Structure formats: C-alpha cells, structure tokens
C-alpha cells in the first residue's frame, strides 16, 4: 500500500506546544473535535479559544485522506462570514490537528433541537425562534455555499449537523471532509467507499455517483427542511432503503407543519429531478 502523501509544512503550521486542550466538543466514529486555547497564534499575542479537529488512532485510509483533503480545502478558501475559518494546523507530528475558529453555539441541528418547546404529548413549537430567525439561518447557509461554489468547490455533505452557529447567531458552513475541488470540471464522479449521507443526497448522486453544485443545492433543500422542522431527521419513519426506493420513484417530502408555502416552494425547486432546473445558490440567497 502506497503511503499517504502529506501536504508540505507552510505558514499555517502552529507549534504543538502553543495548544492547550480544554475539553471535547464532539465525537464521531473516526475523529473528534476539541475545545482548546492557542497561545500567540501566528504572532497575534494573547490566548485564542479555538476548535481542534483530530483523527482517532488506527483510522481507515479513506478517513485520513479525507482529513488532509479537508485541511487543503480550508487553506484554499478566502475568508467569508458564513464559512468556518481555518486558524492553523499541526501536521509535523501525529495526531495531526486542524485548528479552526471556535463557534460557541455548536452545530445547527442540535441548536434547533435545543430550542423546541414541548407542550402536551410530543407536539412541539419553536420556543425562542421566529420564522424570520429560521429564514435568516437559511440565507446564511445559502450565502456561504454561494461563496464555496464560486471557489470551484463541491461540499457533498451539506446538512444542519455540518453548519455551526456563532454567538451572534450567524451560521457558518463547515466540515469539508467530503468536499472536492472541481474548478476544472462541472461534475465529479465518486468512487469513495466512505459512508455517505444518503438522506441529503440527490438522485444523480445516489444512483450514479455524480456530484455537482446542483447536487449541493438538493442537499440545501433538505437542510431547509431541517431548519423548518427544528432539526428533525429527513424522511421520518423511513429506513435508508426506503428513502432510496422512494426517491427513485419521484417521492418528495411533504410541506412541514407551520412551513410557509413560499419556503416549501424553495425546497421543491431544490429537489427538481433535473439538476439544471435547480436554482443556483446565488438565486437562493436572493430569493430567501
């Protein structure tokens, strides 16, 4: 097996001694995100609170490659208020760190779920969020994705769990582990063996392994459904196999309770069977 080619050390590199881990923010099968303090970050004196992403030991090769690919993607992205900011990295020794801005309210999925207010039974309403708030979240994500796509990148894993919420309630697109640089081609054929987020995937991605900015737009429609339902799981009551069969038959999720029709119309446009019939992220930002 050929060794994994690591990126060269560059100006993003931060000394491991400058980082003090405080606690864990989140954990997955192969990686974890930690809260940390970073001292004198790139010559900026003082203590900076950051988030550190690292892999666990003995990860599959695909996960290690995705980790370094995510780092390279983040290095290539200029600053944007709706995209998570890279602060630095530690790759000179294992485990490697990706150092990102710390966002206090966590991921959008959990943020929405935490703001449900339960009345009698299991019926809930938004305790502290208005339709204007929810629409603003959607605008932030659409704006971030408009920027990401303008840089020639596909995200391929756009979902509420991969959007972070700041103190000021600004949503930031994050988690570029599945992303690809497609600056020189319009679509990308995946041959990965990694687990894929099928409930957020377009028909052409599910059945033909084809990805484009328009498949990210489909995922945005599902994310919009997540926002309106305060973090519910898409295609409720269905197994993964059910979801694939229903999408293949042309099924689309119904309009959620309390969802204004114009907002549902946006979702349905994102879920057009023909990729080219789906709106651009620029059009979505303006429309929302």
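Glycine is no exception: its Cβ is also placed from the backbone N, Cα and C atoms.
Copied from TrEMBL, the annotated features are:
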DOMAIN    19-288  domain 'Protein kinase'
BINDING   26, 27, 28, 29, 30, 31, 32, 33, 53, 54, 161  ATP binding site
ACT_SITE  157  active site, proton acceptor
BINDING   162, 175  Mg(2+) binding site
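Positions of the features from TrEMBL, shown on the structure.
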{"residue": "26", "record": "ATP binding site", "contacts (Cβ under 8 Å, 6+ apart)": "32, 33, 106, 107"}
{"residue": "28", "record": "ATP binding site", "contacts (Cβ under 8 Å, 6+ apart)": "none"}
{"residue": "30", "record": "ATP binding site", "contacts (Cβ under 8 Å, 6+ apart)": "55, 56, 59, 60, 63"}
{"residue": "53", "record": "ATP binding site", "contacts (Cβ under 8 Å, 6+ apart)": "31, 32, 33, 34, 67, 97, 98, 100"}
{"residue": "161", "record": "ATP binding site", "contacts (Cβ under 8 Å, 6+ apart)": "107, 108, 109, 110, 175"}
{"residue": "162", "record": "Mg(2+) binding site", "contacts (Cβ under 8 Å, 6+ apart)": "107, 155, 173, 174, 175"}
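Residue 175 (Mg(2+) binding site) carries neither a helix nor a strand DSSP state and counts as coil.
DSSP assigns the residue listed as 'active site, proton acceptor' to coil in the three-state reduction, outside any helix or strand. Summary: among the recorded positions (32, 157, 175), the fewest other C-beta atoms within 10 A of the C-beta are counted at 32. Annotation note: residue 162 (Mg(2+) binding site) sits in a helical segment as assigned by DSSP. DSSP classifies residue 53 (ATP binding site) as strand under the three-state reduction.
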